[in-house]
Amino acid sequence: MNMSPVLHDTQRRDRMLTIGAALLGLALLFVFDSMFDPFTMQIFKLCAINIILALSLNLINGFTGLFSLGHAGFMAVGAYTCAILSMSPDQKAANYVLQPIVPWLANVHLPFLPSLLVAGLFAGFIGWILGIVALRLRDDYLAIATLGFSEIIRVLLTNAQTITNGSLGLKGLPRYTTMWWAWGSAIAITIFLVLLIKSSYGRAFKSIRDNEIAAEAMGIDVFGMKVLSFTISSALAGIAGGLLAHYLTTIDPKQFIFLKTFDILLIVVLGGVGSITGSVVAAIVVTVSMEALRFLDGPLNLGFMVTHGIPGLRMVFFSALLMIVVIYRQQGLMGTAEFSWASLSRIGLLPKRSSKEAAR
Amino acid sequence: MLSIRNLSVHYGGIHALRGISLDVPAGKIVTLIGANGAGKSTTLNSIMGLVKAGSGSVSWNGEEMLGRQTKRIVESGIVLVPEGRRVFPNLTVDENLTLGAFARHDKAAIEADREHVFKLFPRLKERHKQKAGTFSGGEQQMLAVGRALMSRPTVLMMDEPSLGLAPLFVGMIFDIIRQINAEGVTVLLVEQNAKAALDVADTGYVMETGSISFSGTGKDLLADDRVRKAYLGEG
């Protein structure tokens, strides 16, 4: 629109800042990779996986305005798909002790990248099917239906013993999820979502969230867009599940109970429903503090009394935090706003505009 | 010419439209007036494909529109400004307008139309980066009209555009309707404000409980005793 040369200056400055920040981030990854001990590194990787999970849940809940609680199910689909595809036939023979794996899967052995992509595609496919059925529902009904779906997945995983090894789970998965895989995927998916939200599809998602009837009257295929958003969200959750499987190296159906969905929902709500920046920041903060607050679970000397360790006390902190946010700052950290260099200059961390522009 | 024949709509057991017929000639302003629940909004929503009509025909320049997807109807040049200023509150004015052109892909022409909308509504231009939810009722209605114009309609349907607006804005909205019509856009207007609607309209239809009881030119209806008694609160 307004392409005056002065505005161009700010744009160029912002582009330089973005490139600079990206290089700095890359350098930081290198430094962390060599500096951190393995335990810290694990948490650092988990941050990246949680970013993907939070972003994918935010796409459906925050940007499209559909209250879905099926994320644990899609993660499970992705985790199992990726694990089964990437295990070697020998590992499979060692794992499936009670009942052997079905023959058509026994000799499948794919590298990590194709396994991960198939995991995403398959989770997306399941999301597409569920979407076509469940997205006729709205609000709480949709939440209940998707929650139920996620539990169905878990029950299926427990009982399809010849495919999933049932409640024994899968152990000794290769530790493929290095820092580069975790953060590489997180960064790629973040960029993909930023571009998606800025595209006409993203605008259509947001218009459905804001006012479904008006969106329909504008000629937007509301149902089709909802299914699309749901499918993408499920596929990304599947990829995160695959990364998680090869991060933990052990998976079993119990990991994917519906409480897992609420862990992600916590991140989304704290960060801001409808903000990519918010989800990224909150995913890092929550993941790090989950570990940093581990001392709360151990013996505590409160001065007037000494506890002998209450497992799960650190979760009380997050419950309290969630209550405070819901009461005093419903929009979360960012609301629906996003980080931009312009917002930095508004709060005075960057010069407002170049002198030339000010003279205008 | 948009012509509607024997349009019937059922909501569950309720017979909302009982086979209505009306004509909207190209380039004219036609208004539907009537009490609450007469079926005026249902008529617009079923033309738009938002309500699946039971039976009848909606033909637009000889093409049957009934049963088509809303997207196809928008593409063929019919657009609705829904009742109650349904703008997208968390999106900016610019984004709202861009969404109005969702069915189109001619970028340059879309930008030209955006400038045209800004000319019609200078207030929108001043605040084009502001979120629509922060606007007053009248401003939101202008945005809703501007957004509809972004689809470059040949028929603009408006559902109660003056509902709940301050008198100043009511006047502005009717001026805008005249102006849009003068630019060649056919207007089908549903209104409770019968006086103002019949003033601008070439033709008026009076609806009662799902059917059209009578029609006439705007002038004739303003002078009609039945209309004056029931809708203008006179005599």
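Positions of Cβ are set from backbone N, Cα and C atoms, glycine also.
Quick look at what TrEMBL annotates:
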TRANSMEM  A:16-36  transmembrane segment
TRANSMEM  A:42-60  transmembrane segment
TRANSMEM  A:67-88  transmembrane segment
TRANSMEM  A:108-134  transmembrane segment
TRANSMEM  A:141-160  transmembrane segment
TRANSMEM  A:180-197  transmembrane segment
TRANSMEM  A:264-290  transmembrane segment
TRANSMEM  A:310-328  transmembrane segment
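Between the transmembrane segment (A:180-197) and the transmembrane segment (A:67-88) there are fewer than 3 Cβ pairs closer than 8 Å, counting only pairs 6 or more residues apart in sequence, which means the two stretches are not in contact. Beyond the ends of the transmembrane segment (A:16-36), by six or more residues, the same chain brings 44, 179-180, 183, 341 to within a C-beta distance below 8 angstroms of the stretch.
Where the transmembrane segment (A:67-88) meets the stretches A:108-134, A:141-160, A:310-328, the count of C-beta pairs under 8 angstroms peaks at A:108-134. Tertiary neighbourhood of the transmembrane segment (A:310-328): same-chain residues 266, 269-270, 286, 289-290, 293-294, 296-297, selected by CB-CB distance under 8 Å and a gap of 6+ residues from either end. Tertiary proximity for the transmembrane segment (A:141-160) is limited to same-chain residues at least six positions away from its ends with a CB under 8 Å from its CB atoms, namely 66-74, 76-77, 80, 126, 130, 134-135, 166-167, 253-254, 256-258, 261.
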